[in-house]
């Protein structure tokens with residue numbers, strides 16, 4: 001395995017570890033340190049504002065690490081369109097690194113703050129939960145693919161649109177499935193609770209998002225034509 005791939009694995013582990021911690025620290029800052037209630041409007045606005053800033057920070061980390069990620073769906077959507085070796089590396093190494101990073105982060109959180117809670121839970125039946133989590137994933141993957149094709153847009157604008165989209169979709173699904181759209185993060189909390197191998201967890205937080213990601217990539221590639229530079233590369237390959 002090359003140095004760059006090892007670096008990606010380390011980056012994925014560290015970013016996944018930091019991601020589960022960041023969400024907990026934001027809640028502790030707003031509710032424990034500042035004293036806002038769970039349904040206080042000012043507290044919710046502050047929490048969501050900090051969450052957007054946090055997503056900007058992780059976007060910076062992804063750029064600084066040259067591709068590091070904390071969400072399996074992010075690398076899966078890119079790996080689907082790549083070659084077989086990159087796909088196998090993403091599925092066989094990067095996603096496990098993210099899962100392990102999330103589990104390690106959650107275990108340390110619970111050891112440090114035993115009363116912090118036990119993460120997102122499904123509050124509706126499995127089938128509706130899978131449908132909701134799948135729809136949320138389909139939406140965010142489609143938005144991400146659309147932003148990646150907009151070469152003229154600035155990185156700041158792309159990150160702003162992506163962050164607001166993720167936050168909006170998270171709010172829409174938070175009371176039903178948790179609105180995580182991140183199987184690795186949910187896996188960390190489910191592993192801590194001991195229900196990571198249940199039908200509920202696998203079907204709602206793994207199978208549904210993965211299927212939605214595959215469908216989003218396929219649909220996007222079917223409906224949206226590739227940029228001109230990609231078309232030229234395809235023509236060159238055919239001529240060769």
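Cβ from N, Cα, C; glycine included.
The transmembrane segment annotation in TrEMBL falls on one of the ranges 86-110, 161-185, namely 86-110. As stated in TrEMBL, the feature transmembrane segment covers range 130-148 out of the listed 111-129, 130-148.
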